[in-house]
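To start, the structure itself, in structure tokens.
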Amino acid sequence: MGEMKSMQMGVIGALFLSVASSVSIVICNKALMTNLGFPFATTLTSWHLMVTYCTLHVAYKLNFFENKPIDTKTVVLFGLLNGISIGLLNLSLGFNSIGFYQMTKLAIIPFTVLLETLFLNKKFSRKIKFSLFLLLVGVGIASITDLQLNFVGSVLSLLAIATTCVGQILTNTIQKRLNVTSTQLLYQSAPFQAAILFVSGPFVDKYLTRLNVFSFHYSPIVVGFITLSCLIAVSVNFSTFLVIGKTSPVTYQVLGHLKTCLVLAFGYTLLHDPFTPRNIAGILIAVLGMLLYSYFCSVASKSKQGSSESAFIGKDRDTTPLLSQEKENHEAKKLDKHSPV
């Protein structure tokens with residue numbers, strides 16, 4: 001019972017860390033890109049991952065965690081896939097309207113559910129599906145303003161959805177099947193994610209912004225915000241792997257939409273961004289969907305735990321008489337052996 005409570009506290013801690021760090025980095029990056037005019041998102045992400053790897057390497061050298069070797073091919077492919085998905089998401093944003101980009105992010109949940117159902121035989125109850133539907137409708141109402149379609153943007157969005165879903169499912173699957181921690185997996189895959197973005201980032205950013213990251217004027221305040229963004233990113237990357245490993249890719253996406261609602265609310269309260277009754281209604285519907293999702297998942301988890309415990313007790317009840325009977329038979333054989341003929 002104590003172990004279960006400790007596990008639940010670990011999950012809550014991971015969720016809180018993910019929300020706090022993600023909202024913080026959105027605020028930091030918004031100031032960096034909007035107010036200070038630094039538009040190089042893909043290159044910045046490669047710096048995030050390099051700083052994450054360096055931080056974890058120092059932690060490893062200081063014996064904060066043990067490194068568990070993972071098959072090189074698995075780590076390289078996993079790292080490259082995650083790096084490509086980040087690049088595709090940024091390209092999707094560049095080629096599509098903000099509304100269509102939000103639709104792309106919303107599509108990740110149903111696509112993940114579909115993949116897990118088809119290939120991992122995972123079951124999602126109707127109640128959980130309904131709560132996810134409510135969440136997606138709410139976030140859609142709150143955040144989608146315009147939908148402009150184009151062929152290249154649509155193809156990039158489909159590729160971004162596919163790579164993101166597969167990457168997040170693998171994040172969960174690798175941790176569980178290979179029995180590695182989120183820290184161990186992130187430590188070994190971060191260099192490959194950083195490498196592909198470090199090489200492709202300047203080209204992607206130049207294509208999207210018509211600006212060169214190497215010719216940008218790096219004032220002290222810009223360097224300060226980049227440094228702060230990279231430090232927060234260590235927590236974001238760590239908590240991402242932690243949440244997906246402890247829960248599931250779908251739960252991580254639900255959490256991501258909670259962050260969207262928090263960022264919208266923050267923008268209204270502190271930055272005085274435009275806010276309409278539609279935004280408020282959408283956020284309320286989304287929050288209701290999240291609460292229902294949490295409740296239904298909790299009920300399903302307790303039901304699963306209860307059935308496994310009853311099965312274990314039933315197994316004990318079945319085996320105890322058998323052991324007693326074997327013992328009695330053994331004693332009877334001993335008496336027969338030593339008794340006079």
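Cβ coordinates come from backbone N, Cα and C, glycine included.
Curation does not apply to TrEMBL; its annotations are automatic.
Among the features that TrEMBL reports, domain 'Sugar phosphate transporter' is placed at 21-294.
Residues annotated as transmembrane segment in TrEMBL: 44-62 (among others).
For the transmembrane segment (74-93), the list of distant contacts is 41-42, 45, 49, 101, 104, 153, 156-157, 159-160, 163-164, 166-167, 170-171, 174, 178, 185, 188-197, 200-201, 204, 208: same-chain residues at least six beyond its ends, Cβ to Cβ under 8 Å. Taken from TrEMBL, the feature transmembrane segment applies to 74-93 (among others).
Annotation comment: TrEMBL describes 132-149 (among others) as transmembrane segment.
Annotated transmembrane segment per TrEMBL: 155-173 (among others), in sequence order. With a cut-off of 8 Å between Cβ atoms, the residues of this chain six or more beyond the transmembrane segment (155-173) that come close are 78, 81-82, 84-85, 88-89, 91-92, 95-96, 100-101, 103-104, 107-108, 111-112, 115-116, 120, 185, 240-241, 244-245, 248-249, 252-253.
According to TrEMBL, the feature transmembrane segment maps to 185-204 (among others).
Using a Cβ-Cβ cut-off under 8 Å and counting only residues 6 or more beyond its ends in the same chain, the transmembrane segment (216-238) has close neighbours at 17-18, 20-22, 24-25, 28-29, 31-32, 36, 38, 40, 44, 47-49, 51-52, 55, 182-183, 186, 190. The feature transmembrane segment is assigned by TrEMBL to 216-238 (among others).
Taken from TrEMBL, the feature transmembrane segment applies to 250-268 (among others).
Taken from TrEMBL, the feature transmembrane segment applies to 280-300 (among others). Long-range contacts of the transmembrane segment (280-300) within the same chain: residues 125, 127-128, 130-143, 251, 254, 257-258, 261, 264-265, each at least 6 residues beyond the stretch ends and with a Cβ under 8 Å from a Cβ of the stretch.
The region 'Disordered' annotation in TrEMBL covers 304-341.
The compositional bias 'Basic and acidic residues' annotation in TrEMBL covers 314-341.
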Below 8 Å between Cβ atoms, which of the listed ranges 132-149, 185-204, 250-268 makes the most pairs with the transmembrane segment (44-62)? 185-204
Residue list, the transmembrane segment (250-268) vs rest of chain: Cβ under 8 Å, 6 or more residues beyond ends. 15, 18-19, 22-23, 26-27, 105-106, 108-109, 112-113, 116, 124, 132, 135-136, 139, 142-143, 168, 240, 243-244, 275, 279, 283, 286-287, 290, 293, 297
For the transmembrane segment (185-204), what are the same-chain contacts with Cβ under 8 Å, counting residues 6+ beyond its ends? 40, 42-46, 49-50, 52-53, 56-57, 60, 65, 67, 70, 75-76, 78-80, 82-84, 86-87, 90-91, 171, 174-175, 212-214, 237-238, 241, 245
